[in-house]
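A quick write-up on the structure given underneath.
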Amino acid sequence: MFEIAKGISNSLAKKSVGAKVDGKNVDMSYILDHDAEVEFIDIDSPEGEDIVRHSTAHLMAQAVLRLYPDTKVTIGPVIENGFYYDFDPVEQFTEEDLEKIEAEMKRIVKENIKLEKYVLPRDEAIEYFRDVDKNKYKVEVVEGIPQGEQVSFYKQGDFTDLCRGTHVPSTGYLKAFKLRTVAGAYWRGNSKNKMLQRIYGYSFSNEERLKHHLKLMEEAEKRDHRKLGKELELFFLSEYGPGFPFFLPKGMIVRNVLIDLWRREHEKAGYQQLETPIMLNKELWEISGHWFNYRENMYTSEIDELEFAIKPMNCPGGVLAFKHQLHSYKDLPARLAELGRVHRHEFSGALHGLMRVRSFTQDDSHIFMTPDQVQDEIIGVVNLIDKFYSKLFGFEYEIELSTKPEKAIGSQEIWDMAEAALAGALDKLGRKYKINPGDGAFYGPKLDFKIKDAIGRMWQCGTIQLDFNLPERFDVTYIGEDGEKHRPVMLHRVIYGSIERFIGILIEHYAGAFPMWLAPVQVKVLTLNDECIPYAKEIMNKLEELGIRAELDDRNETIGYKIREANGKYKIPMQLIIGKNEVENKEVNIRRFGSKDQFSKLLDEFYTYVVDEATIKFDK
């Protein structure tokens, strides 16, 4: 392929790290011996960067073996913006070891070692890893490959690894990488297996992209919700409850504002609210399928010699609530909303602040409808999601449509109807979307909504999921116009996703400086001296009467110190400076977060202004 690319242009040959031959990825060393459609993969393209990242994982493994030859290498996939590789070392790696490994990687890059692919029969591959390489992990991987299949390897100098490819032509292509951290990881993610060491790294096609990403990561570190959550007194985490965050009074204000807003907007949109039990009998989870497919993530308990499970999802309870009463087609659509607390067991190593927890509140809604109502209901949900994401928070977002997977329940006809309804709703609204072929759940297609935060990261939050499974399992019906029983179409949807996770995203998006309507403390009243305190307290009383969340700082500290604390530490949206002039003129001196400018308003004018500033506005 290299010679073909070179025949077109030298620059194409230099920039290509692979090619597609009739849609199949191949290395640049591939010899084309038949007529085919060929497309070269540019190193700077998303697919090209994935090839670079894959090859950088191999580069790191080679460097590790040069430095620590008794280490066993296991697997090393590509992840977003980089890669990782799991190792079984004789002694645990430290952060200092990462510097040595990275330096060795750079030496190997300078050697510009060629990557060569070859294949062995499955049994010979097992023999190689068992007898020559003496690597039980690779033996296990190869044993999972069907009998009779060929197993592909890549060799780069003194290093050989099991791999399907595709890879860069030589190590000289790998010039922009940075090792990030080392962490524990169980072999194949199973806690019954040995704990390995996972080294994470970033990798890009060029140094400029790497530097840009590292700058973003530096900014992300400043915005870390765990750090800001502690500084802003929003929440804390305790060793007595890993994965179970404690919300403090200020954090509860943020949480309750989001929840109250959610409830009001759903009531306006025609939703009825539910509350279903947090713990339900094992039999229910057997009917829903969770007991067989999700058992290891569920918390259980025995009551009166019966086995119960704390709910990991709200859906079965929502189905029971709908099924509890007889429904006519005239009652549909039935929009049932629930802010339900769910519990899911996550491995301790996967827990991350509010982003990955064991207990969280999901803003679920389940809509039961007739087939001819599906598209209109989807349009209604998309508009509601847009109202929150775009008009309230000002988020840009992307939509992905995931279609029927190979293994699925339901007829092709109902899948076609459901996918057409999802796509048709988006087309009708003029929304762009990406299709993920075969990535839907086995029980129905879905739309995923991914919001973009202030530093360009994408977060999957909202989902619209059609479900053919639960109505069938629970035998859910309604009485149609013909007087007969019919199966309703069920739709699951979330907007926030998890309240806790969404708060974590907002903390990082706003870097802790919430918009005024959401801030735990909206106004801080700062006095210059003791003579101003009575006037400041009058203002505080009026703000409380107006429903404004305000605090008074009448400590015997300098005004500069008070401003730095209110502005820099607590990120209060509005600060009022009260001195002699303000008392005499019946006015306030206003300073907004992040600004050094100050301006004055008479009291009556200020009260109108502050109420308007603190009002929730869907107008972004």
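Glycine is no exception: its Cβ is also placed from the backbone N, Cα and C atoms.
When Cys315, Cys532 are compared with the Zn(2+) site residues His366, His492 in Swiss-Prot, the one appearing in that site is Cys315.
Cys315 (Zn(2+) binding site) falls within a helix when secondary structure is assigned with DSSP.
Note on the binding-site residues His366, His492: the fewest other CB atoms within 10 A surround the CB of His492. Mean per-residue pLDDT, taken over the region 'Catalytic' (224-515), amounts to 94. Note: Cys315 (Zn(2+) binding site) has non-local neighbours Ser288, Asp364, His366, Asp467, Leu470, His492, i.e. same-chain residues 6+ apart with C-beta under 8 A of its own C-beta. Listed in sequence order, the residues Met313, Asn314, Gly318, Val319, Asp364, Ser365, Gln465, Asp467, Leu470, Met490, Leu491, Arg493 complete the 8 Å Cβ shell around the Zn(2+) site centroid, once Cys315, His366, His492 themselves are left out. For the recorded site, His492 (Zn(2+) binding site), the DSSP three-state label reads strand. Summarised by DSSP class, the composition of the domain 'TGS' (1-42) is 13 helix, 14 strand, 15 coil.
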